[in-house]
Amino acid sequence: MTNIRKSHPLMKIINNAFIDLPAPSNISSWWNFGSLLGICLIFQILTGLFLAMHYTSDTTTAFSSVTHICRDVNYGWVIRYLHANGASMFFICLFIHVGRGLYYGSYMFLETWNIGVILLFTVMATAFMGYVLPWGQMSFWGATVITNLLSAIPYIGTDLVEWIWGGFSVDKATLTRFFAFHFILPFVITALAVVHLLFLHETGSNNPTGISSDMDKIPFHPYYTLKDILGALFMMLILLILVLFSPDLLGDPDNYTPANPLNTPPHIKPEWYFLFAYAILRSIPNKLGGVLALVASILILILMPMLHTSKQRSMMFRPLSQCLFWMLVADLITLTWIGGQPVEHPFIIIGQLASILYFLIILVLMPITSIIENNLLKW
């Protein structure tokens, strides 16, 4: 008799994706982050669901409802901080997952990579709208500043912004629709993640060497299921330390002040995971130019397969490209730091240089370095 997991129509799909899946024998811990992202997503949906049971999306009661969750709901404060810091863990895993893809040339799986970029945009949109919901000062002004960027679009910009706001300013209509979108988008993300996985399983996983591993596969279970569980335990440990010891470490104190349209906070800034893009936006004095640079900073990922000039897929055996990759990482950390600083003398020029370097490394230095490496190896 055939095993039920191999014959049952539903179990068969799960079996082929997570149990009997042939996986390369040499994938390192950098390959753990896909499963960690899946765990993060499920976790965020569950905590978000419980928060939505007590939250009200009205400008007069939104702030109070979040306070009520933290004070009066049983373990409401834990759920709230798990959800807020869970978003930070989500983005840490996302950035590492994308970085791994860049380093090991995983972007050569075109469909998987492009759906991944769409996923990144969707997660960023979801996180932004979630940040607006507590209706604190930074929520309100963050929503105002970021949505206002669309007014830079020629001709239709102003109409577009007012259409998104549902009025002439960020108000009740904006908060209600942001809550609706914030609730529905995680399910869209789940669907996209399934498609992402579907395309990945068409080609099979990449591995650190970038060489085909068809002749050396091992079953996903028990080897990688166990490895993923270990990764998940590490992530949960970090998340719990964050939530139970310093839940507000990554937040902004201004968000504990109820939203006031008449009082602008001295430094408007988004959550830490958007600071690199915010720094690129601010480094260009022109509004439209800044918006284009902001979009390009993420959209540039789609160009990666076209910018790949090396004869080797992975950076494992390309020391010059490795140096550039880690320069890019350092540059992104610098941009993240700059994004959180006020717009004054040393920070403006540092931000502008870091922004130029970001695009320069990806568009110019990496492709040229790859050609040099090809010539060094007489390829």
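Glycine residues also receive a Cβ, built from the backbone N, Cα and C atoms like all the rest.
According to Swiss-Prot, the protein has these features:
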| type | residues | note |
| --- | --- | --- |
| TRANSMEM | 33-53 | transmembrane segment |
| TRANSMEM | 77-98 | transmembrane segment |
| BINDING | His83, His182 | heme b b562 binding site |
| BINDING | His97, His196 | heme b b566 binding site |
| TRANSMEM | 113-133 | transmembrane segment |
| TRANSMEM | 178-198 | transmembrane segment |
| BINDING | His201 | ubiquinone binding site |
| TRANSMEM | 226-246 | transmembrane segment |
| TRANSMEM | 288-308 | transmembrane segment |
| TRANSMEM | 320-340 | transmembrane segment |
| TRANSMEM | 347-367 | transmembrane segment |
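When the binding-site residues His97, His196, His201 are ranked by how far their Cα is from the Cα of His83 (heme b b562 binding site), His97 comes first.
Between the CA atoms of His97 (heme b b566 binding site) and the residue listed as 'ubiquinone binding site' there is a gap of 17 Å. Counted over residue pairs 6 or more apart, the CB atoms of the transmembrane segment (178-198) and the transmembrane segment (77-98) come under 8 Å in fewer than three pairs, which marks the two as apart. Sequence-distant neighbours of the transmembrane segment (113-133) (same chain, 6+ residues past either end, Cβ-Cβ under 8 Å): 48, 55, 57, 62, 66, 87, 90-91, 94, 98, 101, 106-107, 139-140, 142-143, 146, 174-175, 178-179, 181-182, 185-186, 188-189, 192-193, 195-196, 199, 270-271, 273-274, 298-299, 301-302, 304-305. The DSSP secondary structure for His196 (heme b b566 binding site) is helix. Less than 8 angstroms from the CB of His196 (heme b b566 binding site) sit Thr112, Ile115, Gly116, Leu119, each of them six or more residues away in the same chain. Around the Cβ of His182 (heme b b562 binding site), the number of neighbouring Cβ atoms within 10 Å comes to 21.
Residues 69, 79-80, 82-83, 86-87, 89-90, 93-94, 96-97, 100, 130, 182-183, 186-187, 189-190, 193, 228, 231-232, 235 of the same chain lie 6 or more positions beyond the ends of the transmembrane segment (33-53) yet place their CB under 8 Å from a CB of it. Spacing of His201 (ubiquinone binding site) relative to His182 (heme b b562 binding site) is 29 Å (Cα to Cα, whole number).
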